[in-house]
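The domain 'P-type ATPase N-terminal' annotation in TrEMBL covers 10-64. Per TrEMBL, the feature transmembrane segment maps to 40-55, 258-281, 301-325, 752-773, 850-872, 884-907, 919-943, 949-974. Here TrEMBL flags ASP373, LYS374, THR375, GLU473, PHE491, ARG515, THR595, GLY596, ASP597, ARG683, LYS689, ASN713, ASP714 as ATP binding site. Look at TrEMBL and you will find ASP373, THR375, ASP710, ASP714 tagged as Mg(2+) binding site. Taken from TrEMBL, the feature active site, 4-aspartylphosphate intermediate applies to ASP373. What TrEMBL lists as domain 'P-type ATPase C-terminal' is 736-989.
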Amino acid sequence: MRHTQTNTHRFCSRSRFIYNNNYTVWNFVPKNLFEQFRRIANFYFLIIFLVQLMIDTPTSPVTSGLPLFFVITVTAIKQGYEDWLRHKADNEVNGAPVFVVRSGSLVQTRSKNIRVGDIVRVAKDETFPADLVLLSSDRPDGTCHITTASLDGETNLKTHYSVAETSVCQSVSQLEALQAVVECQQPEPDLYRYRCIFLLFVFVRPLGPENLLLRGARLKNTKEIFGVAVYTGMESKMALNYKCKSQKRSAVEKSMNTFLIIYLIILLSEAILSTILKYAWQAEIKWDEPFYNQKTERNAFLLICFYFLAFLVLYNFIIPISLYVTVEMQKFLGSFFIGWDLDLYHEESDQKAQVNTSDLNEELGQVEYVFTDKTGTLTENEMQFRECSINGTKYREVNGKLLPEGMTDDSPDGSMPPLMGDELLFLKAVSLCHTVQISYDQSDCLAVGGDPFSHANGVSSSPMEYYASSPDEKALVEATKRYKLLHVLEFDPNRRRMSVILQTPSGNTTFFSLRTLVVACRHFSPEEYIDVDKKLNSARTALQQREERLQEAFSYIEKDLQLLGATGVEDKLQDKVQETIEALRLAGIKVWVLTGDKHETAVSVSLSCGHFHRTMNILELLQQHSDNECAEQLRILSRRLREDHVIQHGLVVDGASLSLALREHEKLFMEVCKNCSAVLCCRMAPLQKAKVVRLLKTSPEKPITLAIGDGANDVSMIQEAHVGIGIMGKEGRQAVRNSDYAIARFKFLAKLLLVHGHFYYIRIATLVQYFFYKNVCFITPQFLYQFFCLFSQQTLYDSVYLTLYNICFTSLPILVYSLFEQLVHPHVLQNKPGLYRDISKNSLLSFRTFLYWTVLGFCHAFVFFFGSYILMGEDTTLMGNGQMFGNWTFGTLVFTVMVITVTLKLALETHFWTWMNHFVTWGSIAFYFIFSLFYGGIIWPFLHTQDMYFVFVQLLSSGSAWFAIIIIVITCLFPDVLKKVLYRHLQPTSTQKSQGRNKLKCHSKLKCDRGREEKRFCPSCCLNEPMWSQVINLAAQEGLGVYTHIA
């Protein structure tokens, strides 16, 4: 129990700030270094670097230290920038201006300076800066209206009540003199539970959730309120509901870790083999070491460890440390393309797609199951009155008029039947049984005692704004467009209804009740109303068991009702929902709808949006009351699925049955679900949604899941799925803030997965495989060279080449490839969703593909080494003056062939060429030659030794060396070209077939049919022109080619 005293600060809150950042200025360096060295590759290279510092190794510590420093620095900059953005967002929240009562006046301060016990003033349409106990409002009854869309996703208007003893304190002087104590419980995240005691002099008042104004909620339809802060900063209920996001890892990252372990095994095997062969060679007397080579002691354990570590250092570059930093850069830079895509921009709401994390880009191309909310995600969440049934007669709304079924709007007024008693009573019910509030620009008109309908006389032009406790109420009131309100029986989830007691102009008392769009009434006699009024007032002023007594009073009143009719309110589908779901189905993605709506409504929406087909056999798991009953029904459904395997099946399950199924029969339930084409779960609680997602993603097949929703009730599901997407809808921003990606409409999901997901996956999959390939090519000749230097640990390459190989010579081509590569045109990917199946199940990073790239790397490495050795051999003609090649010349020849081959190998893998691809591909080769000429052609004074002096110049002066380079490069790449040609013609994939049918050429100048010259349009310009997708659409309409595919 904590004690809070108004206008004092005896209790010191642990934190008055809201913070979502990971670092501070003081802990950034140590904390970031700790997190980075938890990554196995970074820690491995740190150990290698320390080994190079401590013992005499064949390579300089710079060869490991410089790449490691580069990787750590780049990653730290990226993470620091992302955390700076979080700091910036936190500062905007913490720095928001607020007014507090201090020293007898209102003082403006910052949100972060609010202390527990401060009395805070909040004006209309402002958000509450802390959790406040409502002391008073500008309304005489001490109430206020708020919306909590940012907390729980509910857009309805909620009524909160001030403490009865303080509701008269509406001036600063009265509030300054107020001395009271609030005894409340310790902070907890439950938004709907709050218990405290308000002590004022001799008065003791128990308070509940209806007296607490939560941080993040917004004041509506009330000019101003005063409240005392009880929870601030990270102790507020909103902050306590921030879930610590679990670190999501993509399937590609998991594959990278697996490949890394395999390459570590290869590295250790090479180091152990080299150590064994070194001692085996020294055991032969005929291979006795020369006098200048120190004899190795065979039984010296320390020497064995020393030489093992030396070989480990020599071969350590087989582990691609720069892979991680390149992947980080590719994900970070690539994520901008989603925000730049105008096809994902929603003009009506002026919202573009948003990326909250770039670590899961490639996971968008691996989704197998989509879990979607219904209201606000598939639908617009805009209720519109369509029809009603009154006394058995169906009425429709036509051009603002309520007409019986069969009558048209053009009928003469005289022919329209007049509304009789039941019809009038029904319309009164839907017009009066609500908690809708009317707000005008001039708030003074709402003062008590004034006529709330004074604006209806046509004198004022102030627009009216409706606030309701549910969108259904608002829709009904807006459709019907005068009674004294006596009591409101508020809606609650147990009764699922709200009711009002009204006094008619004639003085009679009428009771109207509205339950899920069913309308009823009851007429009270004066004596009955006196009894009802007494019960309600007694329950509402009870100090203990107030909620239970209110429920008893409500049950007593809401009985013996007369049914008046029912209303039909429509929440229309969003644009292109049906087409999107069908595209996902063709892509091999199963769609599950998880909603809290009732069974009938959910099925109707599923049928209208194409989730369920009219010809689909709908199976039901509903209203199960016991484990045995649920198990038996599941077995019946499983049997029907096996017998009727030809047709498609859909499954409908409610929340209660789902709880039973997940308790004891998970395996059987999952078997039924996986054999259904579509699954609909209704009457779902938020945590049940997350349980369903977790159940599927942890199944033996471990499919990749995606959850999409727009409300705070979808947050748990969004965080549980592999990929979480928030819809920027009308239920607040909680889902968007907790998602990995955010889009404005459900229809954008198709392009996000089928196009962006496809591109991201093929790019990063090739990036990972290529990195391992080029490092095998890099270090294997070093291993082979040991067989020719008697395992003396002599390095084949110069230390500068060792350092710059992954950083400069081969890094940019693969980075640019991973940003711009497109196997097929985006329009083709959208029009042929089946192409998504080609990359499913992580197919491009399968063990078979990994083995191909690894074996290819070893083969190319053997050709590099032995090709150079055979062509060079003992032939003195390789040098113009008859001089033979030395060790560094041989190593430089191997290195030169390797740089050219691995760069051209990537060029063969490139299908989509831009000016930047050309620049970095040919520029990397040119940079290597230019750098080597300067590095070896000048004596650098800061270098202790310069073994490469004039080596590269002599190599290039040899015609035989040029001949060897050309022959070796062709020998390596020709089989790859032949394989590609044969496979494309004999066993083409569906993606390759689409490439063949959609070849387009890029022209420097394009002329339209009207003869005017147009600027060249190419997606490569997307670096400085984010509107390239719109340009492609325009060019396609004009019949112009905009890009080049290399078959």
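Positions of Cβ are set from backbone N, Cα and C atoms, glycine also.
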Secondary structure split (DSSP) over the domain 'P-type ATPase N-terminal' (10-64) reads 27 helix, 0 strand, 28 coil
For the transmembrane segment (949-974), out of 258-281, 301-325, 752-773, 850-872, 884-907, most C-beta pairs under 8 A are with 884-907
Cα of ASP710 (Mg(2+) binding site) to Cα of ASP373 (ATP binding site), in Å and rounded, measures 8
Beyond a gap of at least 6 residues from its ends, the CB atoms lying under 8 Å from the transmembrane segment (301-325) belong to 39, 41-42, 44-45, 48, 51-52, 55-59, 63-64, 67-68, 70-71, 74-75, 256, 260, 263-264, 266-268, 270-272, 274-275, 278-279, 767-768, 771-772, 774-776, 778-780, 782-783, 793, 795, 802, 805-807, 811
Residues near THR595 (ATP binding site) by Cβ (under 8 Å) yet at least 6 apart in sequence within the same chain, in sequence order, are ASP373, LYS374, THR375, ALA602, LEU680, CYS681, CYS682, MET684
With the cut-off at Cβ under 8 Å and a gap of six or more residues from its ends, the chain residues touching the transmembrane segment (850-872) are 255, 259, 262, 769-770, 772-778, 780-781, 784-785, 788, 878, 885, 890, 893-894, 897-898, 901-902, 905, 960, 963-964, 967-968, 971-972, 976
Cβ contacts within 10 Å for ASP710 (Mg(2+) binding site), all chains included, total 31
For ASP597 (ATP binding site), the nonlocal same-chain Cβ neighbours (under 8 Å, six or more residues apart) come out as LYS374, THR375, VAL605, CYS682, ARG683
When each of the binding-site residues ASP373, THR375, LYS689, ASP714 is scored by other CB atoms within 10 A, the minimum falls on THR375
